[in-house]
Protein chains: 2
Amino acid sequence: MEEKEISKAVIKRLPRYYRYLGELMESGVERISSNELSSKMKVTASQIRQDLNNFGGFGQQGYGYNVKHLYTEIGKILGLDKNHNVIIVGAGNLGQAIANYGAFEKRGFIIKGIFDVNPRLQGVTVRGIEIRMIDELEQFIKDNNVQIAALTIPKTKAAEMAELLVKYGVKAIWNFAHTDLNLPDDILIENVHLSESLMRLSYNITRYEKERLNENDN
Amino acid sequence: MEEKEISKAVIKRLPRYYRYLGELMESGVERISSNELSSKMKVTASQIRQDLNNFGGFGQQGYGYNVKHLYTEIGKILGLDKNHNVIIVGAGNLGQAIANYGAFEKRGFIIKGIFDVNPRLQGVTVRGIEIRMIDELEQFIKDNNVQIAALTIPKTKAAEMAELLVKYGVKAIWNFAHTDLNLPDDILIENVHLSESLMRLSYNITRYEKERLNENDN
DNA sequence: AATCTATTGTTATTATTCTAACAATTTATA
DNA sequence: TATAAATTGTTAGAATAATAACAATAGATT
Ligand SMILES: NC(=O)c1ccc[n+]([C@@H]2O[C@H](COP(=O)([O-])OP(=O)(O)OC[C@H]3O[C@@H](n4cnc5c(N)ncnc54)[C@H](O)[C@@H]3O)[C@@H](O)[C@H]2O)c1
Ligand SMILES: NC(=O)c1ccc[n+]([C@@H]2O[C@H](COP(=O)([O-])OP(=O)(O)OC[C@H]3O[C@@H](n4cnc5c(N)ncnc54)[C@H](O)[C@@H]3O)[C@@H](O)[C@H]2O)c1
């Protein structure tokens, strides 16, 4: 029985559905139609139905979707029904900000440890989690079944560290360093390139200013 | 003279071209063909040529692209040749991490001020930048020609604060709160939804594990 | 129980994005 | 200076994604 390949675009939208359904659930809404959801989320109802249908018929004709059920199902699809063990590599500004953010744990992302090379950070704790030195990394990953490593170290060190993490058994890297990691195909990479995001904003500001100038010319 | 609309997909790739060209420039490479760049960046040469051609013919047949020139031109397209005044609203974990990150200034994103509601933070400085209280916000935005606000406050306050920022004259919001902002069409929004990024990783981990199980069944 | 209404699942159509192909043009070589 | 090689800009074609349409079906109404 072969699974139909789900397009990347659909996956990208799933967390947003999940968020909206969670909010609806919290405010006590029991059922919702693709049309109502459409106007809330500002996407077409057609797209909602098609997206959801990739994973099976969660709705009922004439009724709509049961909010709680749909929320749970999307959660399962996203793998949020299971815990994921996470380490943070690089206990600098960003690494500590992430470590301090409690909400990830609620979604099943358990921050097991934080690592750094700076000996002055050894033993310091962030939200009760101890910062450890790199020499403990290998053993720790194996002992704690670490799946995900958040990589928050300078870009010059990132590629090398990523390879080490993979060697030690990490399966997925959440990469904040401004560089592309070249790792085996079975290693999952999710890049968070904040400066690219800021550049897109800058592009749009620039374009918008240009447009306004052109309009004034007419 | 009408400008051809550039597709979102192209804009999303521009910062990555910019990064690669910057690195090539630093390592002294003077010219590059779409084919060479293609193998470095792992995208098709065809796409590179088509992307760049949206903005004009930067290359030369038989020669390729001049790295420095192309880098400069893409910088201009992205609006990186001008400074942008930025404030950070929310001096918590994330807000301070961003404020502490010096590299944005090098690209022309000047962090002018940091704001919070917590009186205990008043006067504290981050990388020399003073944390101010919200009552100074309006005047500060006007005095400093602030274009971009990084929004790093809890999601329950984000929508309200975003409206305030717009009212005071901010043109673009870099939104880290986990919520969609509904603002006038001429206000630019760039969302950084970290938990969505983490959920995508979780989805892929889950799917990959499933695939391996299926393979073993055969 | 029959009919009407709402709303999905699914197929068809349209739009967007990506890749391939190649003529035009420049540089390098003989 | 003529010819060959390299490589772009651009057009054509293929693939992917989004929207629209509608038949099928469940629930509500009479
Ligand atoms: N802070 C931001 O807003 C921001 C924005 C965009 C990108 N980034 C990127 O995120 C990464 C982290 O940024 P930051 O601001 O937290 O930097 P930072 O300098 O505050 O922290 C980096 C930490 O990594 C540690 N480190 C260095 N090499 C290491 C190694 N081999 N193993 C383990 N730890 C190591 C350092 O000791 C330091 O504590 C950088 O690549 C940066 O470019 C950060
Ligand atoms: N830290 C992370 O890793 C992370 C990850 C994902 C999302 N986020 C989101 O980013 C935002 C900030 O996260 P954080 O970890 O920095 O939170 P935080 O609690 O550390 O900081 C929030 C700051 O905002 C201030 N604040 C509250 N209301 C304000 C207002 N009306 N005006 C100005 N300041 C106000 C608070 O005093 C506090 O200093 C939140 O929306 C959070 O959900 C953070």
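Glycine is treated like the rest: Cβ placed from N, Cα and C.
Lifted from TrEMBL, the feature list:
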type	residues	note
DNA_BIND	B:16-55	DNA-binding region
BINDING	B:Gly90, B:Ala91, B:Gly92, B:Asn93, B:Leu94, B:Gly95	NAD(+) binding site
DOMAIN	B:79-180	domain 'CoA-binding'
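Each of the binding-site residues B:Gly90, B:Ala91, B:Asn93, B:Gly95 was checked for a CB under 8 angstroms from a CB of chain A; the ones meeting this are B:Asn93. Around the Cβ of B:Leu94 (NAD(+) binding site), the number of neighbouring Cβ atoms within 10 Å comes to 24.
Cβ neighbour count for B:Ala91 (NAD(+) binding site): 24 (other Cβ atoms within 10 Å of its Cβ, all protein chains included). Summarising the environment of B:Gly95 (NAD(+) binding site), the number of other Cβ atoms within 10 Å of its Cβ, over all protein chains shown, is 24.
Note on the binding-site residues B:Gly90, B:Gly92: the fewest other CB atoms within 10 A surround the CB of B:Gly92. Looking only at the DNA-binding region (B:16-55), the predicted model's pLDDT averages out at 95. Of all Cβ atoms in the protein chains displayed, 19 besides its own lie within 10 Å of the Cβ of B:Asn93 (NAD(+) binding site).
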